[in-house]
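Presented below is the structure to which this report refers.
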Amino acid sequence: MMYEPLEFSEADYPQVEYQRREQFWDPIRLAIFTLVIAAIIGIAIGIVTHFVVEDDKSFYYLASFQVTNIKYNENYGMRTSKEFTQRSLQIERMMSRIFQRSSGPLRFIKSHVIKISPDANGVTILTVLMFRYPSTGNAERIKTKIENILYQSLKTKQLPFTINKSSFTLTSIDNKKMRNLLNNRCGIRMTPSNMPLPAFTSTERIIQGRETSVEGEWPWQASLQLKGAGHQCGASLISNTWLLTAAHCFRRNKDPSQWIVTFGTTITSPIVRRSVGRIILHENYRRETNENDIALAQLTTRVEFSNVVQRVCLPDSSIKLPPKTSVFVTGFGSIVDDGPTQNNLRQARVETISTDVCNRKDVYDGLITSGMLCAGFMEGKVDACKGDSGGPLVYDNRDIWYIVGIVSWGQSCALPKKPGVYTKVSQYRGWIASKTGI
Ligand code: ARG
């Protein structure tokens, strides 16, 4: 009853309304109102620009410093050694502790240890540091910021390693130099905007796999095509001119002039196309047993490395992957047994299976020899298939990818207890070197 509208008479109504309106829209109020609205719009535009219009730029630095509480180990000289990998990971983790959540617009992306060398007082670490900063930034001024953050953390943070402050040097390097540094390092994936591409961890499959969405996700993957017959096999780029593939791919035709190679994530619109000048099959390839199923193909003209065409690393012959190590296989092969080639590159995460298990009577019953490697799942479901042959099985070590296998054979595809069988690349490291000098 309190708000009963009938209490107001119609006669009063226009007057009251008129007065109120005049009071509210007086010039001062109007001015304030306009200012407030303008300010809100301004702030909104600022926020949107800040978050949506990503005008940050990458800045790269080469950092070198002495660490006095690490003793040099001979295996630090070998990039794939367990010692180098573990140390590098620890150093990289320390770097993110130092630079992450550093104040202001400076954003730490990642560090990548390039070298650990012996030193009278311990070891010297050489690492690339990557930052994002608004494009207005100046590399030298950012450098001072980075040094300040580092010196501050040396004083205030509990760090696992003792960095000799006076040994610390920081050099700003440009995009090209960083690219050269990394491109000398095989197996590195970058997005088109020069950001490191992190490893994907979800379960995927070629049979039961997923398409690769990002161009440059598997930049060493090539398609080997026979003129007039299209895609036959996969292959992996290991230098500007050499591809590693399977010997059985050339069973139909060994004439290099009949083959072409394409790069890119689709077969129909490749980024790069090349003809083949030379094909080298392993001398002891045996089609009856699939032994030594490895071959090299040399391009007639070199390909230049970029973010979408890049070589994969060859593993040292000493590399050992324990059973159940996560590895990825990629290819344009069919997704069902005897199905058609896929136009879009696909990837699958599989796991290594020990030769002992793979040679069990109920699995491959002794057919796996020392030059072979099994990968997949005992329950089947995820596997390479026809057309993936010759393609890479790769292993990710600190975002550097190594080719550990070449798709070779399998009983049908993705069957239980019939995992994929791959040529064990480490076993042929010497053979590859003897033919290519790589
Ligand atoms: N040999 C087949 C080819 O020529 C690929 C074999 C891979 N099979 C497998 N189940 N993993 O494409």
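Even glycines carry a Cβ here, placed using N, Cα and C.
In TrEMBL this protein carries:
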TRANSMEM  30-53  transmembrane segment
DOMAIN    57-175  domain 'SEA'
DOMAIN    206-437  domain 'Peptidase S1'
ACT_SITE  His248  active site, charge relay system
ACT_SITE  Asp293  active site, charge relay system
ACT_SITE  Ser389  active site, charge relay system
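Feature annotations (TrEMBL) mapped to structure.
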residue : record                           : DSSP (3 states)
His248  : active site, charge relay system : helix
Asp293  : active site, charge relay system : coil
Ser389  : active site, charge relay system : coil
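It is 10 Å from the Cα atom of Ser389 (active site, charge relay system) to that of Asp293 (active site, charge relay system). All protein chains shown were included, and the count of other CB atoms within 10 Å of the CB of His248 (active site, charge relay system) stands at 22. Taking the active-site residues Asp293, Ser389 in turn and counting surrounding C-beta atoms within 10 angstroms, the largest count is reached at Asp293. Residues of the domain 'SEA' (57-175) grouped by DSSP class, helix first, strand second and coil last, total 41 helix, 48 strand, 30 coil. Per-residue confidence over the domain 'SEA' (57-175) averages out at a pLDDT of 91.
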